[in-house]
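Q: Let me begin by handing over the structure; questions about it come next.
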Amino acid sequence: MRTDQSSQRNNSSGSEVSLDIPPNAIYNTSRDYIVQTEENEKLNCCTFTKDWLRQLSSNVFRKKTLYKRLPILTWLPKYNRNDFIGDLMAGITVGLTVIPQGLAYAGIAGLDLQYGLYGCFLGCFIYIFLGSSKDVPVGPTAISALLTFQTTHGLWQKAVLLTFLSGLIEIAMGIFRLGFLIDFVSGPVSAGFTSAGSLIIFTSQLKDLLGVNTKGDTFVDMWFSIFGDIHNISWNDAGLGVCCIVVLLTMRAMAGMSFGPKEGKTCWQKFFSTLFWLIGTSRNAVLVVVSAIVGYYLLQADIDIFRMVGYVPKGLPQFQLPPFTMTTITNSTSGEITEVHESFTHMVSSLGSGLIVVPLISLLENMAVVQAFANGKPCDATQELIAVGVCNVANSFVQGFRGNGGIARGAVLNSSGVRTQLSNLYTGIIVIVALLYLTPTFYYIPKATLAAIIMAAVIFMIQYRVIKPMWRSKKSDLIPGLATFVACLVLPLQLGILVGIGINILFILYHAARPRLRVETLSTSNDIKYLMLTPDRCLIFPSVEFVRNVITKQGRKSTLPVVIDCTHIYGADYTAAKVVSTMIGDFEDRQQKLYFFNLQPRVAQVFESLHKDLTVLYDMNSLEIKLSGKEEHHSKL
């Protein structure tokens, strides 16, 4: 790009000059240049590091950053009486939901029931300070419980260690701003994973509903185990479980019932609408209480027809470090007791891909809650990673297992009129009260009741509704979705989601490697014909060879000049420059004209690095001049 002499004089002070391409400009890279910059200062490593640390510290300790990383500073000064009432009601409502869910999710994770409650209070308190969304109730979820089971196989030491390590990984992801990783989990992949996970959870609860074995790490293995033990079915438990599922679904429908008109309800109509909503929302707690009362009176009457939950330790857990080593005691076939010691390294290696998958799925679940109730406001994935990571690290010190925001509890929290993150305080207090005073009553809860609670919830997690929209919009999206669904059923869940993400990335790479090129035969105002080729995206190593083949093929079909419209090419790399250099040489050997139209200067710099004879045109007048072979004097820039 030619530069005007007066412009050079005016900028001789050393300030950076950025030139726009003016009308009627032709850029021949063999003679000209694009941007004139000041001479870079030579900085040694120590100076660069010192400047970087100074800039980092100034950013960290800014008031804006402080308010961003401690969201409580934003909403707490404006807290009022209405916020208190809304948070109190929402926190109590979710607390009544969390207790039966925590007990049930511990069963999914293969842990004793108290561990489900251990992960439901400390994280809630910490999220008040670090959480960015008022609609996120921190605690175990069905998916996190299932991933915990498949990663740790029901060993509480490894489950707690997984909570600790995955929390650290989430904090690191937040510090390095890796929240964008969930962008690699597309909607179809997420739907396939969630649907498969719900079926696996549903199947795993048949052991408590029917009294049969559901051993195995995959959906297929579980069903083989069920069919092999179906003759041991417990009809009493099965009947109770089916009745509980029917009751739960009926009470779920009650939550959506409304009496009278939408506006202008009478006091009685408002009362019954609120009552039905409260009963429907708290259906899990209501069912657990009723079942425990029935179980108590049956056992007092010496009628032992249902399998009960059994003893749950009373009191809060001890605050201590997560287990970094463990000793397991097993009975061999000879009856000898064998002690097996596992070091920290061995425990970490046994967690395998779970250390990658668990934080990723946790972020996906958590952001689904945040985005669902954000009402169009921006969502900060980085802050959520830090908040949930710290919550899980803290949970590991009280022997809790993995937790994050769940969409079901988030919906309950939102519909309960939550105002701020302080609702988590009241939820955590309710869990503490349950641990201190209510655990003896848990003994009388039938196992079939907890199984029914889970099964009635996960059947609504099956994403069958997305199939029809995907079929209408883009049928190829069904491929990664179905592949993820099948992979998660036949493989362990953490491997299945990795397979789905891998297939989705292959689709992305394929589309990146096969851009579309529009080919047109056009004429100038002087009736000079030329071939215009327009790629629809940037030129990088997966796609550039394909683009070159198409351009060369079209160029060989005629002797017309070829013009490449580079309007959509906003980036290129070394491989692209090398291929473009070869392509320019091929056109020169055939003595066929090749021009680049609207090529961005920074991309032209990349191409020029390997080939100087590059001609770039920036308006139609310049193009007509070149095609006609006329040489005109152009004002220098």
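Glycine residues also receive a Cβ, built from the backbone N, Cα and C atoms like all the rest.
Caution: TrEMBL annotation is automatic and unverified by curators.
Annotated compositional bias 'Polar residues' per TrEMBL: 1-16, in sequence order. The annotation domain 'SLC26A/SulP transporter' is assigned in TrEMBL to 84-479. Per TrEMBL, domain 'STAS' is recorded for 527-611. The feature region 'Disordered' is assigned by TrEMBL to 1-22. What TrEMBL records for 88-107, 113-130, 159-180, 238-255, 275-299, 425-444, 450-467, 479-510 is transmembrane segment.
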Q: What average pLDDT is reported by the model for the domain 'SLC26A/SulP transporter' (84-479)?
A: 89
Q: Could you check if the transmembrane segment (450-467) is in contact with the transmembrane segment (113-130), meaning 3+ Cβ pairs under 8 Å among residue pairs at least 6 apart in sequence?
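A: In this chain the transmembrane segment (450-467) does not contact the transmembrane segment (113-130) - fewer than 3 Cβ pairs sit under 8 Å.
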Q: At least three Cβ pairs under 8 Å linking the transmembrane segment (113-130) and the transmembrane segment (88-107), pairs spaced 6 or more in sequence?
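A: Judged by the Cβ rule, the two regions touch, with the required three close pairs present.
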Q: Could you tell me how many residues in the domain 'STAS' (527-611) are helical, how many are strand and how many are coil under DSSP?
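A: The composition, in the requested order, is 40 helix, 17 strand, 28 coil.
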